[in-house]
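J.: Quick paste from TrEMBL:
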- Ser525: active site, schiff-base intermediate with substrate (ACT_SITE)
- 1-83: domain 'C2' (DOMAIN)
- 112-147: domain 'EF-hand' (DOMAIN)
- 148-183: domain 'EF-hand' (DOMAIN)
- Ser525: pyruvic acid (Ser) (MOD_RES)
Amino acid sequence: MKFKDKWLACVSFGEQTFRTNVSNETDKPVWNCERKLLLEKTGPRVARISVFETNRLSKNNLIGYCEINLLDYLTQDSDSDFGTFDLIDPGSSDKVVGCVCISCNVEDPIETEKNFARRILSVVDYDEDGRLSLSEFSELINAFGNNLAASKKEELFKAADKNGDGVVSLDELAELLALQQETEPIMNCCPVCGEVVEGGDQLNSLIHLSLCFDEGTGNQVMTGGFLTDKQASYGWMFKLSEWAHFSSYSFGLNSGSSASHILVFDRKTKRLVEELIDTKIVLSMRTIYQSKIGLGLMDKGAKEILQSISERQGRQMNTVESAKEIPKFVEFFKDQINMAEVKYPLEHFKTFNEFFVRELKPGARTIASIERHDVAVCAADCRLMSFKSVEDSLRFWVKGRKFSIQGLLGKEVCSNAFIDGSLVIFRLAPQDYHRFHLPVSGTIGKFVNIPGCLYTVNPIAVNSKYCNVFTENKRVVTIISTAEFGKVAFVAIGATMVGSITFVKKEGDFVKKGEELGYFSFGGSTVICVFEKGAIDIDDDLLANSGRSLETLVSVGMTLGVSKKKPGSEGLPNLENCVLRN
């Protein structure tokens with residue numbers, strides 16, 4: 001590292017994060033910590049290593065990170081298991097702040113099973129012959145604390161003793177544990193730490209159990225149980241405040257209303273990440289949106305005050321003085337704003353709003369299947385929720401009691417074809433690139449302005465049963481007429497501090513997916529796309545995360561779904577009553 005401090009490192013992989021111990025004060029920390037991870041073909045492949053300085057009372061400070069594609073690393077030609085990686089400054093992707101050395105190797109799943117069997121066999125193998133008699137086997141089953149398995153000890157022993165020699169060998173025990181853990185688990189919880197073991201996830205269960213039993217490598221096992229590196233790195237003062245406020249660190253249906261941390265699933269890295277938001281803002285939003293009293297105050301004139309504040313703040317962000325806020329903003333979101341993608345350097349922007357509606361460099365976003373108009377793409381850099389129907393959205397996400405497609409689109413635009421259609425919500429946070437793009441190719445229809453409030457689009461408000469964010473906020477609706485998806489309703493919704501929605505296309509324009517459609521001025525904001533019933537097959541991973549009430553972090557141009565219409569199914573004449581004439 002560039003300076004001396006007390007350091008800790010976190011490894012984030014998928015929906016799990018692990019942390020090392022804290023080093024002594026040094027510029028060359030050595031942790032000698034390890035963790036086994038399950039690398040699957042369809043699962044996460046990128047591990048993020050984050051290094052924090054810890055000499056802070058309230059929180060630890062992220063100094064550098066690196067991201068490693070484990071599959072690429074493990075399949076490269078190398079004579080060594082060790083690799084050295086540069087640690088990147090979270091505020092500047094071209095600045096190196098140190099380096100980290102790791103060792104990474106592959107263990108075959110069968111070997112994992114045998115290692116675990118070997119470890120637990122040694123616990124009850126009193127005569128140390130490497131085999132278990134019926135009495136030793138019975139004692140092992142009793143130790144697992146499963147009453148059903150304990151009542152079937154002799155039956156399980158016979159099943160394990162494949163060769164009928166009256167004892168259970170290491171290989172026989174490993175095979176029994178693997179088979180039973182998948183079909184009828186012998187262990188419902190880890191006998192070491194007491195954690196519940198998921199029966200359906202055989203290999204991860206064995207990895208957990210083998211680590212708890214300590215395989216004797218001499219290295220310390222990294223501490224788990226965290227969802228993000230920020231959670232894993234927090235200092236004792238923060239943990240105390242967390243306990244005092246009883247806030248939860250989780251995701252799901254109630255996370256928007258009860259948690260002070262918004263967690264989203266990064267589609268690119270397949271990892272949980274934490275959305276940065278000021279805790280004072282969280283508290284104020286809870287006060288307003290999660291209580292009848294708060295919304296009652298909104299009904300008694302506070303809406304007009306909020307509107308006035310938003311307009312005034314918008315004017316302020318257009319002044320030359322506002323430019324001094326840009327470096328502070330970039331620093332606060334330093335690991336979520338990539339300045340290397342931005343078209344112009346910071347000194348180019350004369351006001352904060354100029355920076356807020358910043359353009360990206362050409363090619364910064366790749367449009368998936370650009371030549372295929374039957375593939376829809378994501379319309380914004382955002383947190384995405386998608387649902388096959390409005391009913392699903394009400395069950396998993398939108399809690400406003402009066403939410404409906406008719407209310408969202410308005411009488412002038414809404415048609416019966418949209419009523420039972422699919423719904424995709426693109427939520428932009430303040431740190432995001434705030435230009436929105438076209439999800440499909442087609443012809444732009446009339447732009448319909450619907451006046452309304454400027455509620456926040458944060459999940460704290462969206463998950464509230466006391467207000468109807470999407471149907472009460474100021475918004476602009478247009479219809480995109482397509483050959484592949486039929487009509488697609490595109491709704492740009494204003495939010496707190498967003499007084500301006502600007503479009504760069506006009507009615508009647510033929511547009512291609514991925515092209516810029518418009519932008520939001522200062523604040524958070526949302527785009528909603530409504531597809532006609534049966535028009536689109538939304539990508540499975542997006543639907544699965546939404547079914548867990550978990551937003552997916554996506555970028556402009558990523559795949560959204562595929563048209564259900566078969567090529568050539570449109571425009572064919574009905575020949576049933578055709579009459580031929582000379």
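Heads up, residue numbers simply count up from 1 along the chain you see.
Backbone N, Cα and C define each Cβ position, glycine as well.
The structure displayed is predicted, hence computed values, not measured ones.
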J.: Just to be sure I understand, if DSSP states are collapsed into helix, strand and coil, how many residues of the domain 'EF-hand' (112-147) fall in each?
T.: 24 helix, 1 strand, 11 coil
J.: Could you break down the residues of the domain 'C2' (1-83) into DSSP helix, strand and coil, giving a count for each?
T.: 6 helix, 34 strand, 43 coil
J.: If you run through the domain 'EF-hand' (148-183) with DSSP, how many residues end up as helix, strand and coil?
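T.: Going through the domain 'EF-hand' (148-183) residue by residue, I get 25 helix, 1 strand, 10 coil.
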